[in-house]
């Protein structure tokens, strides 16, 4: 009765080796991004924008790494890994709601549609998928759902980190400025620019 279970997880071994190693390596990318922001001298304000739009990327990478590690353990049943993945997804979903509140509360940056999609909506979707996959891991579609969610978290982190690097590069090079008229206390970056490195 226990033999089909490890075989089911073993079929995904190569996939999670790729996703897990990529997520682990890309976590270090965030340290590079934060170093660029710090050296650019454009980080201003209370830091709430950074905690809402920058720090969550590390969490997404670590979540993908954790899911990969869970499915790489030689379990003797689907119950324990399913519960672990569901718990991981629930924690991520709760964290995403917290990020949404931070994004709405901070005043250093005015988010546009792309920001709401990549920093709040898509992470919530990924973590909700992990919860569903973990609770129904015995179903045929569950491993695909969990794998897709883990991969989505990696892509979310890559997109958001690249968005930040692009913005910092343009700022340091004196690139195109936002079309939105700045006020005496705030300047809104153009659509798609990184909110984690805004100067008041």
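From the backbone N, Cα and C atoms, a Cβ is placed for every residue, glycine too.
The compositional bias 'Polar residues' feature in TrEMBL is assigned to 191-200.
Residues or ranges marked as region 'Disordered' in TrEMBL: 173-200.
For the transmembrane segment (15-37), same-chain residues at least 6 beyond its ends with a Cβ under 8 Å from one of its own Cβ atoms are 43, 50, 54, 57-58, 61-62, 64-65, 67-69, 71-72, 147, 150-151, 153-154, 157-158, 161, 164-165, 168, 196-197. According to TrEMBL, the transmembrane segment annotation covers 15-37 (among others).
If you look up TrEMBL, you'll see 58-77 (among others) marked as transmembrane segment.
Taken from TrEMBL, the feature transmembrane segment applies to 83-104 (among others). Same-chain residues lying 6 or more positions outside the transmembrane segment (83-104) and placing a CB less than 8 Å from one of its CB atoms are 48, 51-53, 56, 59-60, 63, 66-67, 70-71, 111, 115-116, 119-120, 123-124, 126-135, 137, 146, 149.
The transmembrane segment feature in TrEMBL is assigned to 116-135 (among others).
The feature transmembrane segment is assigned by TrEMBL to 141-162 (among others). Here the transmembrane segment (141-162) has long-range neighbours at 8-9, 11-12, 15-16, 19, 22-23, 26, 29-30, 33, 53-54, 56-58, 60-61, 63-64, 67-68, 71, 82, 85, 89, 118-119, 122-123, 125-127, 129-130, 132-134, 194, meaning same-chain residues at least 6 beyond its ends whose C-beta is under 8 angstroms from one of its own.
Within its own chain, the transmembrane segment (116-135) is flanked in space by residues 52-53, 56, 60, 63, 67, 81-90, 92-93, 95-97, 99-100, 103, 142-143, 145-146, 148-150, 152-153, 156, 159-160, 163, which lie at least six positions past its ends and keep a Cβ under 8 Å from the stretch.
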